[in-house]
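I have placed the structure first, in the form of structure tokens, so that the comments after it can refer back to it.
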């Protein structure tokens, strides 16, 4: 597993690299936002450990750019910051971070977070992430084949287009399509998709739902398929059914 460490404090960066090297990971290090973006596209890591406050392009912008154009891999992103307020955590997660670690932290905690995120990656790539899902499912606007890992959106002219989804987005859509109309809380979606491998803030679910909406909704700001149920969670409805 390859990890990219983006941290402007060289002592912290080397501490992280040394700790992760001893755990058997392959690590690259850079110290500013522009270098982070360039190295990300060169090395395509499985996970990015990203400091919020870095020179040039800050960590939030780096995170947003990776999410907008992930390349061959859509990596997990662990945000590091000294900003521990709830609002700051929400901002980081809404930008696309998968987890959030507040400085100062112990090397043991950092390794635990990294391992939890990478277990999610392995789980989603295998069979565990889509357990109990219907192998094929179709609504008026969408069809999905879990065995072939193909998701399509049906267009008004009777044509269709393949959806370019990450493994996690595919499994999330499959969960909603398999149970149309059901309201899913964050904790239920976490249990369905991650199980015991989840380690972090439940609001990361909101991030993945927002990213899925961008790919399936004509107007993500006013969703017609993947709807928020205030105080309860999310549900999928296809008005064409």
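Here the Cβ of each residue, glycine as well, is placed from N, Cα and C on the backbone.
Heads up, TrEMBL stuff is auto-annotated, nobody curated it.
Feature annotations, reproduced from TrEMBL:
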type	residues	note
DOMAIN	2-118	domain 'Response regulatory'
MOD_RES	51	4-aspartylphosphate
DNA_BIND	134-238	DNA-binding region
DOMAIN	134-238	domain 'OmpR/PhoB-type'
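A mean pLDDT of 86 is what the model gives for the DNA-binding region (134-238).
For residue 51 (4-aspartylphosphate), other Cβ atoms within 10 Å of its Cβ number 24.
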